[in-house]
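The structure under discussion appears below in the form of structure tokens.
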Amino acid sequence: MKENVASATVFTLLLFLNTCLLNGQLPPGKPEIFKCRSPNKETFTCWWRPGTDGGLPTNYSLTYHREGETLMHECPDYITGGPNSCHFGKQYTSMWRTYIMMVNATNQMGSSFSDELYVDVTYIVQPDPPLELAVEVKQPEDRKPYLWIKWSPPTLIDLKTGWFTLLYEIRLKPEKAAEWEIHFAGQQTEFKILSLHPGQKYLVQVRCKPDHGYWSAWSPATFIQIPSDFTMNDTTVWISVAVLSAVICLIIVWAVALKGYSMVTCIFPPVPGPKIKGFDAHLLEKGKSEELLSALGCQDFPPTSDYEDLLVEYLEVDDSEDQHLMSVHSKEHPSQGMKPTYLDPDTDSGRGSCDSPSLLSEKCEEPQANPSTFYDPEVIEKPENPETTHTWDPQCISMEGKIPYFHAGGSKCSTWPLPQPSQHNPRSSYHNITDVCELAVGPAGAPATLLNEAGKDALKSSQTIKSREEGKATQQREVESFHSETDQDTPWLLPQEKTPFGSAKPLDYVEIHKVNKDGALSLLPKQRENSGKPKKPGTPENNKEYAKVSGVMDNNILVLVPDPHAKNVACFEESAKEAPPSLEQNQAEKALANFTATSSKCRLQLGGLDYLDPACFTHSFH
């Protein structure tokens, strides 16, 4: 029994469902909220699209709640916004609040709900289109003709309080055209359009938009007919010409400023100044300084050469006593029938350079041409009258005119040049002491004694201290005795003059034995040959004062100082005298004669020390 009741119930339900499906009755479809709009931020309206009704009458309702609330509210006004809409008045609208809303559809078969929508009134503002749009063509006398457009803002928006800010946009087109010409007007409610085609009919519309929101709908179109006599002056050409002219002017000004020329200089060029004769501007541009300087008369750069061959290597400084001796010698020879020839003084070295080729040639050639005539190494004396020849005093020349000897007494044979007031004092320069000594020792070949670098074993040179009267007789006997033993190759002896340091004592001869590698000289006293009898050491004639080589200065100048060990040197001299003369001794005596004769002339007194001028050695050895 129970089984029969259950099966009957199932059958009834299946029959009911079949009947409903055959009649088309279903639950409603899902609705959709598609738009919410606020015209003035005070009220807003939302619209939705309903779904299928299922063949049955369907009711729609909108429910919402504000963010942060749980209480649900239903739409306050379904009529103001039209069908399927909900309008929120001022009392239901709140700024800066978010609304969460949805739509519910219900019929006999069931119900359905839309998706939730979040709405902020600030961002859903869309004003109404502008009102009272007016269009007019104006042709002022002093201006170009134009199309004047004017409109009014929507009435629902309060612009006076500043609650709203609207932006406007205008569009127009000829009636038969397809595209619109859009112009942005900003916040103003008037606008002028200049580019129009005469004789055509235009459509004009306007719309507005708040600062935060959407553009409104376009206002209704307004038509305007442009007259046929409406002449539009096209200013595009004139604007292009003006812009091009401005660019050209800027280029010209830039070029003038870049080159540094002024407008005044271009209009009124300056008067050219006088040109320097011989000055060529092209030489300056090409950079040839040598030709430019020669054109201006300036000296060019000095030529490069070996300055070691041109410059004087050493200098000799004469003090005032030398000038006094020169004046004395010139007074002693007032009229000898001889005219001295002076060399041009060298302003750089202080005395005429001994390296002058002309001076050396004159020194070497003149003694060979006339052996009986004495020529000074620095001054060449020539007779004014060729028939009248100058001869030296008989006391000064001996040994048949081969070896002239000059003593300090009596008539002096001066070799000093006469002073010239308009020139510098003629001076001689030092030569390298090594070259001088090689010239002296090379041909002689005499045995030498080596000097060490420290100067400890410096050899001595002797000086015989005699009176002026005894010196004359002794020198005469020495010349006569020396003439008997020497051959034709005996070199000349230079005159024994008064030394610059004022010593009236004649000096004895010294002998050059050897030259060290450092340029040091080995000196020995010369053997007396005037008599074969040795003299006692106690006699006045044998009282000799020796000098030793103290050292060589930076300028290769020998420094001679008096030797306190006179006894040792005297013994050395006596042993030298006892040695028999030989060929080597004879050759050494030749070199000694040249060295001794020039030593008295070439010495200078400086601070109590005696100097030897090697320049004089060269002249005597030649």
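Each Cβ is built from the backbone N, Cα and C atoms, and glycine gets one as well.
Under the heading disulfide bond, Swiss-Prot lists Cys36-Cys46, Cys75-Cys86. According to Swiss-Prot, the domain 'Fibronectin type-III 2' annotation covers 129-229, on the basis of sequence analysis. Feature annotation from Swiss-Prot assigns signal peptide to 1-24. The topological domain 'Extracellular' annotation in Swiss-Prot covers 25-234.
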DSSP residue counts for the domain 'Fibronectin type-III 2' (129-229), split into helix, strand and coil: 0 helix, 48 strand, 53 coil
For Cys36 (disulfide bond): DSSP state (helix, strand, coil): strand
All-chain count of other Cβ atoms within 10 Å of Cys86 (disulfide bond): 27
Number of other Cβ atoms within 10 Å of the Cβ of Cys46 (disulfide bond) across all protein chains: 25
Averaged pLDDT, computed only over the residues in the topological domain 'Extracellular' (25-234): 87
Reduced DSSP assignment, Cys75 (disulfide bond): coil
